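Annotation comment: TrEMBL describes A:20-40, A:74-95, A:104-122, A:134-154, A:166-191, A:211-233, A:254-281, A:293-311, A:318-343 as transmembrane segment.
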Amino acid sequence: MKAIRPLRGAVSLLIEQKTVYKMTALFAGLVAVLIASAALGDIKFSPIAAFQTILGFGDPFQHMVVYSFRMPRILVALCAGAALAAAGAILQGLVRNPLASPDLIGMTAGGSAAVTAFLAIFSDKNNALTVSIAWLPLAAFIGAAVTAFLVYLLAWKNGMSPIRLILIGIGLTAAMKAVTTMMMIIGPIYQASKANMWMTGSVNGSSWGEVMIMAPWAVIGLISVLIASRHLNMQQFGDELAIGAGAHVERQRFFFLALATALVGGAVAFAGGIGFVGLMAPHIARRLVGSHAGPLITAAALIGAILVMLADLAGRTLFLPLEVPAGVFTAAIGAPYFIYLLFRTKG
Amino acid sequence: MTTGTKAGLLFIGTVMTIILMAASVVYGYTDTTWKGVYDSFTSFNGSNEHIVVQTVRIPRALIAACIGMSLAMAGVIMQTLMKNPLASPDILGINAGAGFFVVMGLVMFGVGSNQSITWLAFIGAALAQFLVFVLGSAGREGLTPMKMTLAGAAIAAMFSSITQGFLVFNEAMLDQALFWLAGSVQGRNLDLLLSVLPYLAAGVLGAMLLAGKLNVLAMGEDVARGLGLHTGFTKIAASLLVVLLAGGAVAVAGPIGFVGIIIPHIARSWIGIDHRWLLPFSGLLGAILLLASDIASRYIIMPQEVPVGVMTAAIGVPFFIHIARKGGMSR
């Protein structure tokens, strides 16, 4: 294996050369989709014009279209996709189950329920929020965390069976959807249509303010995951081997679960429950770069970002002048993919 | 258990259903009395109370009873057909499929007539049931029951996502569609029930006729074939019954979850596994559950109402988790 060692000493990195090429290709794909997303829509530019505009050399009109309308939602889509995919990769590693993903174990539904509850509780009579919207990710995080905890607790029965985990997840997803419906009825009426978009998962109407809260949340989360990724490698070997090799298995598992939940919470708070990304992206990534945690999570995040950006691009260009929520496309591709995985998984 | 006991259980179920239907007509936000309800039949005087009873409460009670019955019976048939304790029209995506087609019809083509809604619901239910059937028998031995449940959940998720996507196409229809999608027996139209009723009746009747064959099928494919049962025919007939019962129920009340999964289990533990008794008893219990949930849903956040789908989920989720945990078929 040809390898690159960029750092030596206390912190060292070992990266396979082929992985570097693949990662570069993925990153190039991400940039290409980003430029295409900026260029296409109700008003179309050439990719070159869009590229120039992104760099700040476009004419004022193009600048306004790209920076006021398109960029916020593109960036929210990017962050949401990356966060969901990374969370999915972590979960699949933790429970050593290829079927685990944030939406299938009910985390996204829990986050959505908490978001609608937050909006219902903290809205006054004029539909204005009584607290800062910056708390929204925290609410989504708490919702996702509570659900994740419940799923884990209820699925535990002399150990953890992967299928049982997801069955319980399906049950709790239904419960959380019921909570969401309740909150929509109790809360202000204007929310009903907004909440509908939310549950499907959409980045429509994102603002720079949201990007400013979401991007740091996602970036910090992703960097922490990458720094800790070597511990995730140990987790993938299973408890006995990991303990034998001196890992604090329980503590690390808790840490990774918290990280995954935080990532999902941030994504759900601003993009809603975009389904199946956390399932598909890690699988595609594993095929590309193998199951070493560091490259796997990086590749999964890139692929997740590309998937959600593409879904959003398709949603706002295919059926002009109408907009279809991004979550519709991810579900339409993701559900058949999930069923295909079910057929392939043994046991 | 003797036949007498079983008949007794059926009798008690029938009485309970009738009592709850009456209670459903009497209790609610608008104050009505038992006497007022009686008067509205014998001497209708056009008062507010009488109008509420005749045009709102009675349709609602009838719809709740019919829908609960259909969903529960569809659940029994599916669980036997798939040999899966978690099978039910909502978990395996039949309700979502019917919902998808109805919303698509409402939103894309603006259809609103009772007949077309009914047929759209049947087509959607049939498509979903077909998918489930194919997935259940694809490959060498098909998916295991637990995996089948997961595949069904994925199908349901896909249909409901696309349904919600369709809602953006037509803002004007959004309200109507959202209301319908919430799954409720309140404010539904009696004409719709009447136009679906023949199909539901056919489903119930067909289920009773097929009960004996379902008993044989429940013993397992090989045994059933050994006993001379045309398993292929029985399975297709049973699938059609599910489509009639679940599709019809969704056409009237929208997707209401968990009735089809809880009731068959409770019914089985009380009256046993003989489908000739199990099916009617499940039907009665389903009616009782939906009527009771509907009455409760009027009182929880008065003057508003909780959609009855939320109520059934509140009861159904713990039950679902219990079965999922218990499941000897842990794979």
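Cβ coordinates are placed from backbone N, Cα and C, and glycine is handled just like the others.
Please treat TrEMBL annotations as automatic predictions, because they have not gone through curation.
Under 8 Å from some Cβ of the transmembrane segment (A:104-122) lie the Cβ atoms of residues 84, 87, 91, 129-131, 135-136, 139-148, 150-151, 165-166, 168-170, 172-173, 176-177, 179-180, 183-184, 186-188, 191, 195, 198-199, 260-261, 264-265, 268-269, 272-275, 279, 338, all in the same chain and six or more residues away from its ends.
Listed by sequence, the residues of this chain that lie at least six past the ends of the transmembrane segment (A:134-154) yet keep a Cβ under 8 A from its Cβ atoms are 102, 105-115, 117-118, 160, 165, 168-169, 172, 176, 213-214, 217, 257-258, 260-262, 264-266, 268-270. The transmembrane segment (A:74-95) makes no contact with the transmembrane segment (A:166-191): fewer than 3 of their CB pairs lie within 8 A, with pairs spaced 6 or more apart in sequence.
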